[in-house]
């Protein structure tokens, strides 16, 4: 039997809400004897039938027929939901021929893969590489820059690019159905969950453009689906089916983390579930030490090693595709930049010699290059300013010279290389000032000494112009003399007189220094990236250029550097209190649908899209996630007082597991945004909404079981049918916002259900 047939038919699976578990004893009666294990898809009526001893009149045939029926029903539901999803995601997808919302960023990044030019972004590369793949499949030549609001030229097949992206969004509804079935819910509840996901306007709208969200949602859905399969076979560890779902979980975690960093919230969900399961196994006496070790080992390989490998592999492909110099070069260190085609850092000498003209770059991102200009400090020493500057400028050029009173040769052809431990003097080429420090407080960082430009090259000799080279890291090979090397050597400059080190403080100077980066002499002798420097540009006509193999950065170094740069960029996305962001929203706005979001210009004759959810899905799922914990607390209190509400202990155990996965998935994907300092938008709620929609369907079924005694009771079915119809009706009512409209927004003013919605401003 195939994997999907096992998944659908539930062969030998335990742990569903609808099957009896012969390994656990009911609280009030001995376990019944079964002729066969109950099917995963067994309804309440099936449970009642199978709880009785099997009759002798061909029970195996009846059981097989029931399984075949459930399997057929499963695939019919999957096909129907897939068709509905494709219809809603693909309909009129090319209606607008303008670049919509963040397509300007993400389609632009996709174009970088077509052009092979290096760029920098706050997100991992997988989803953007897939967008780039969709562009490459159309034959796109990379000539269009995807400026926001601009019209696509005739040679850009934007419709296919959007269809490619929408295909990921079309998988959500069938995966929601399969997830709930695997968790033990009835086909009716699972189908309701699929409908809620399929006919949510916001999830549909965000899938119809070339953005990262549909791929993130797809991989998130894959993660929870795989986790539900792992849960389904938890009583059969090390079986073939268990291994398949364990590996599927690891692969899906690698994909979701590689799409956007918010995917690590799905990793957290699986991690918490796994730790709880291992803790539970630890308390089972029948699980020996060796067996427990293998439980840990298999999970470490599948859920840690495999996701990490996939995440790193995405960066291997990323670096392999982006081999040309581009707009993101500055976020990487000099050695990486030298390996890019078209970089200005190639074809320069390797070993630095006295008399060489160099630029010095700080290892601290944002500090830039050591810089000086003719302006003086307004206070302190009032000597020439020394700053950090990120742009290429001749004011970044320094000449390496011997200290005062020493020379490096009697002819212009003399070559003497700079080595670790040498005392040097750095002379600013444009102004002939020496790099200087003294016991004068810094201008912003008062605890450190000021750095200034002083003297006129050899005039006014001063020991405070002297610096010692201290090599900290050597990235090149075959350097026995420990020479100072271009790009490959990271070193510190220690001031001889004050015994402090040249440091980028990480702060900006006031406007009188053009808000450039502050440079100080660190009295506390920190050893961190702010005190590390490398030679970026090197000019010396007496020296040959380095071989390309000598200026090559390792993958692990590039990988670590880029991820740190991504983290810094993410942290920099903070709200600007002095500016109003019409698109931003707060986490407390999302569950109650307080705001919608205009995704494009709002001119009367243009195609417009307004991002808003389906009120049936959003508001009722919010109600469910609020009532769920209250209901849980109610039963916990009653159990503590000795009141038994469940015929079998397994029913309560299953409820805890399923609630932990669905409600916990919602909480993990929603609550962390309250602690984030970055600017937030409505689409950040969509992964949490996916869990909330599934939890709503589960909550309806669970409540129906407790009130009506069965998930198949007419009243429970009526509620599910009513919710499904209401969701579809609301979807159609708000369909113009999803599929686009090209008439004045005031014609839809009647759909403004909340005064905070910005469909149409009635004051204008």
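Every residue number used here counts from 1 along the chain in the order it is shown.
Yeah, the Cβs are placed from backbone N, Cα and C, and that goes for glycine too.
TrEMBL entries are annotated by machine, without manual review.
Look at TrEMBL and you will find 1-59 tagged as region 'Disordered'. The transmembrane segment annotation in TrEMBL covers 74-91, 214-233, 245-276, 296-323, 616-636, 656-676, 683-700, 720-741. Per TrEMBL, domain 'MIR' is recorded for 349-403, 415-472, 481-538.
Residues 8, 41, 163, 166-167, 169-174, 177-178, 181, 187, 190-191, 194-195, 198-199, 204, 207-208, 731, 738-739 of the same chain sit 6 or more residues outside the transmembrane segment (74-91) yet have a Cβ under 8 Å from a Cβ within it. If you look at the transmembrane segment (720-741) against the transmembrane segment (616-636), you find at least three C-beta pairs under 8 angstroms, all six or more positions apart, and that counts as contact. Summarising model confidence by region, the domain 'MIR' (481-538) averages a pLDDT of 95. Same-chain neighbours of the transmembrane segment (214-233): 7, 10, 13-16, 40, 126-127, 130, 165-166, 168-169, 171-172, 175-176, 178-180, 182-184, 203, 206-207, 239, 241-242, 244-246, 248-249, 251-253, 255-256, 259-260, 262-263, 266-267, 269-270, 273, 657, 661, 665, 669, 686-687, 690-691, counting only residues six or more beyond its ends whose CB sits under 8 Å from a CB of the stretch. Helix, strand and coil residue tallies for the domain 'MIR' (349-403), in that order: 3 helix, 27 strand, 25 coil [DSSP].
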